[in-house]
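Let me begin by presenting the structure, written as structure tokens, before commenting on it.
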Ligand code: SF4
């Protein structure tokens with residue numbers, strides 16, 4: 001395998017981002033409400049859990065976004081949604097049977113900051129009544145700077161906000177027009193300062209490369225503006241253009257998009273600029289100030305990957321609330337009904353809203369751990385992980401042969417211990433994919449590896 005072969009594969013391959021194993025598109029209705037009820041009831045007593053609340057509403061619907069979101073001009077659907085979240089929280093905690101300690105609460109969406117201050121207060125009261133949330137619990141919220149005001153900022157502060165994440169994508173006006181998301185440097189800078197004033201000790205910014213009309217110049221200007229307000233973390237994701245699945249993306253003409261080689265140049269540019277600004281790389285697409293928890297965890301081999309991306313949160317149980325929310329248990333994954341209507345019906349009928357998932361067997365667990373280590377450390381001790389799950393190195397001999405054939409010099413193999421030779425992890429998804437037993441017939445359904 002020559003360097004060129006591996007690079008061509010990198011430019012053309014479509015592979016999962018591995019925020020779970022198996023990836024969520026392999027979940028099936030073999031898992032339902034009865035399974036999640038059993039898994040919830042079995043949450044170990046002395047273990048802190050992580051909580052995810054999904055708010056699937058937005059005031060604007062950006063053309064590039066593949067999230068399942070619902071546009072709303074009125075607050076009426078929000079009032080009803082928050083009421084059902086309260087019910088769902090109460091139902092799940094009744095199954096647990098005690099006030100379980102919580103390591104982290106994350107509000108994602110959609111646009112969580114579309115909620116009014118009284119909505120946040122109600123959800124906070126429901127959570128604190130049902131769970132043991134203390135001063136050490138991380139409280140993070142995805143914030144839209146165009147959808148935040150003083151009252152909402154105060155509501156986040158009252159909840160004990162510790163982290164915030166802000167979507168920027170690209171500040172260039174032509175790019176923003178093409179993706180239907182106008183957001184100025186000034187309002188973003190103001191939002192970051194206000195969040196810090198209200199207690200957010202870590203602010204993350206999300207950027208995207210591969211957007212329509214994006215060039216290394218627009219990206220450089222964006223990163224210059226971002227580093228000027230000095231977020232603690234930045235993530236740069238590749239835009240995945242899948243208009244057949246995400247219909248809003250049909251508004252983005254294919255010929256306005258950078259090609260595979262230009263995407264790689266854009267990513268390289270972003271990496272270099274963030275490194276010059278003092279950020280250290282974390283995993284495949286995150287960057288953090290050296291003193292940030294995420295950078296320290298990466299250095300110390302304490303990085304984890306869950307549905308939200310890279311995290312320092314080691315909680316073995318993630319409880320997801322809201323439409324389409326994902327939960328993770330030692331026994332498997334469970335996902336709530338994706339459509340708000342189906343989720344609402346389940347909540348109103350007194351049921352758990354689990355619609356699909358995946359029950360893990362010992363081999364799935366081994367593959368999940370191998371893939372998580374590759375995505376976090378760019379290395380994995382295959383014999384050690386295999387032994388931990390009652391398997392042997394020989395059980396992965398087909399994978400080792402494929403890795404030698406597909407990735408050649410990009411991977412060092414020493415007695416079953418694998419390590420990517422490049423430090424930036426650009427081949428991590430391809431290496432992880434070699435251990436994905438679900439992948440064989442799925443090419444084209446995932447985003448590009450770069
Ligand atoms: S990018 Fe954010 S604001 Fe835009 S549609 Fe997606 S979730 Fe909504």
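Just so you know, glycine gets a Cβ as well, placed from its N, Cα and C.
Nobody curates TrEMBL annotations by hand; they come from automatic prediction.
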Legend entry - Same-site residue for S-adenosyl-L-methionine 1 (record: TrEMBL; known: 52, 109; options: 86, 138, 142, 147): 142
Legend entry - Per TrEMBL, 64, 65, 66, 110, 111, 169, 206, 240 bind S-adenosyl-L-methionine 2; matching candidate in 94, 98, 181, 220: 181
Inset, instruction - Please go through the binding-site residues 52, 64, 66, 142, 240 one by one and keep those whose C-beta falls under 6 A from any atom of ligand 1; give the result in sequence order. - result: none
Legend entry - Residues close to S-adenosyl-L-methionine 1 site centre defined by 52, 109, 142, Cβ within 8 Å: 53, 54, 55, 106, 107, 108, 110, 112, 141, 308
Inset, instruction - Specify the nearest of the binding-site residues 62, 65, 109 to residue 240 (S-adenosyl-L-methionine 2 binding site), where nearness means the distance between Cα atoms. - result: 65
Inset, instruction - For residue 181 (S-adenosyl-L-methionine 2 binding site), name the DSSP secondary structure in the helix/strand/coil scheme. - result: coil
Legend entry - Alpha-carbon spacing, residue 58 ([4Fe-4S] cluster binding site) to residue 66 (S-adenosyl-L-methionine 2 binding site), which is rounded to whole Å: 13
